[in-house]
Amino acid sequence: MRTDTIVAPATPPGVGALAVIRISGPDTFKLLKRLFPEKDLQSRPGYSTHLCWLNDDKGKPIDQVLITIFHQPRSYTGEDMAEIAAHGSPLIVDKIIHLCSKNGARIAEPGEFTRRAVLNGKLSLSQAEAVLHLVKAQTPLAHRTAINAYRGAVSRMVANFTTQLFNIYTELEYRLGFAEDQPGEKNFADTRWLDQEIRRVINALNRELQRAEISHRLFEPARVAIVGRANVGKSSLFNRLLQDQRAITSPIPGTTRDRIESRLDLAGITLRLIDTCGFDPKSRNPLTRIGTTETRRAIQESDFILVVFDGSQPVHPIDKLILAEVEEKPKMYIINKGDLKPRFRIQELGIKNSITISCKTGENLNRIRVQLRRQFNSNGTPCPAITRRQIDCLENCRRALIASLKTENLEMRLLEVKNALDNLTAIDAPVTSEQILNRIFEHFCIGK
């Protein structure tokens, strides 16, 4: 771990009432002495706040600031720390950062303050990941799950599973040793009771993984693309679902030339809604062809597709091409323009279930919202905020336990249970691997 002194703004860039600059590292108080030579801040108690004038290196005033000091280990990072609250001018922030840099501080890397908190034992890995979720939370449910994780709910879940698996592991190890010493004693090689315990843990992991996916979607919204040929009402549906005029609509085919994305909130579940260009792979119009390529990319990147047809027109050959494009994706079939005389026979496409709507009158639009909520389990109970890395660890643990049940060899079974334990404890274990730390902190902002 690098042990130099770092500095970074802790508040977003731009004009505001206040801006906070964070400093952390062994030379924090030496730096403060250079910035505020008339103050002996190191002798002041931790958590105390001091009003000071800050001057540049030529003695010209920059701003009147408030400094809060923290003595190690009683700080966010576990190091000596200070937070300078200045007036929220980007120019003032730049001047303070520049002054700190000239006096020995290094600009912090993204997430470096929280990274140091983990390496200094102030936060567990799961708590550090919960910090990012707490910052990103945009709904009350997302906030509640992030708070639960930050207060240790993920760590407690891991500890509970670890205790169960450790008991299974030690029992297997004992039975393996006894079977080797007493080959005639078959009762100790009989692991039916342990099989039941392993299955019980697998079932519990399945439940947690289902809840984890719900939780993950609170912070990493599923992508839902609206797809159809030109002028079927994709942009009208996009606007109706958002209850906002985000996309331009027109009776002229091909109005949408590029995909538009926006956040859609459905009772605590956040989705990323995408309005795509009219799909027409056989068009000779270069703009339409570019738009079709973009639509194909949106389909590939999306988790769910809303396939829209024009209910006032017969089935079109392009409709069949669209079905081929979305064949492998979860989807919902929507027949728009239900307020007009019906001419579309969806049976010709071999589709049994669809929703007929009218973007003009609003008919049946709520059915789409209900179906989307069901699709993304909005009625389920999410577990504490959990990251994709943590879900991967739980999934790998589950796979190892399933593999342990497929072998009757006690030694192989012991190895698989050990593998399950290793994957489980990786969620919260002390970490020195730069690769894991980089994966965790790559999405943090500079001052966090």
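Glycine is treated like the rest: Cβ placed from N, Cα and C.
Sequence-distant contacts of K122 ((6S)-5-formyl-5,6,7,8-tetrahydrofolate binding site), defined as residues of its own chain at least six apart whose C-beta falls under 8 angstroms from its C-beta, comprise P73, S75, Y76, T77, G78. The DSSP secondary structure for K122 ((6S)-5-formyl-5,6,7,8-tetrahydrofolate binding site) is coil. TrEMBL lists R22, E83, K122, K448 with the feature (6S)-5-formyl-5,6,7,8-tetrahydrofolate binding site.
Other Cβ atoms within 10 Å of the Cβ of N231 (K(+) binding site) number 19 in total over all chains. Feature annotation from TrEMBL assigns K(+) binding site to N231, S250, I252, T255.
Per TrEMBL, GTP binding site is recorded for N231, V232, G233, K234, S235, S236, S250, P251, I252, P253, G254, T255, T256. In the three-state DSSP assignment, the secondary structure recorded for G233 (GTP binding site) is coil.
Marked as Mg(2+) binding site by TrEMBL: S235, T256. When other Cβ atoms within 10 Å of the Cβ of S235 (GTP binding site) are tallied across all protein chains shown, the result is 24.
Summarising the annotation, TrEMBL assigns domain 'GTP-binding protein TrmE N-terminal' to 5-122.
Annotated domain 'MnmE helical' per TrEMBL: 125-445, in sequence order.
The domain 'G' annotation in TrEMBL covers 223-337. Across the domain 'G' (223-337), the prediction's mean pLDDT works out to 86.
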* To do: Return one of helix, strand or coil for E83 ((6S)-5-formyl-5,6,7,8-tetrahydrofolate binding site), based on DSSP.
  => strand
* Measure from the Cβ of R22 ((6S)-5-formyl-5,6,7,8-tetrahydrofolate binding site) and count the other Cβ atoms within 10 Å, all protein chains considered. => 22
* Structure fact -> Students should find that the Cα atoms of R22 ((6S)-5-formyl-5,6,7,8-tetrahydrofolate binding site) and G233 (GTP binding site) sit apart, in Å rounded to an integer, by 50
* **Per-state residue totals over the domain 'G' (223-337) - DSSP helix, strand, coil** => 34 helix, 32 strand, 49 coil
* Set of same-chain residues at least 6 away whose C-beta sits under 8 angstroms from G233 (GTP binding site) -> V308, D310, N336, K337, C359
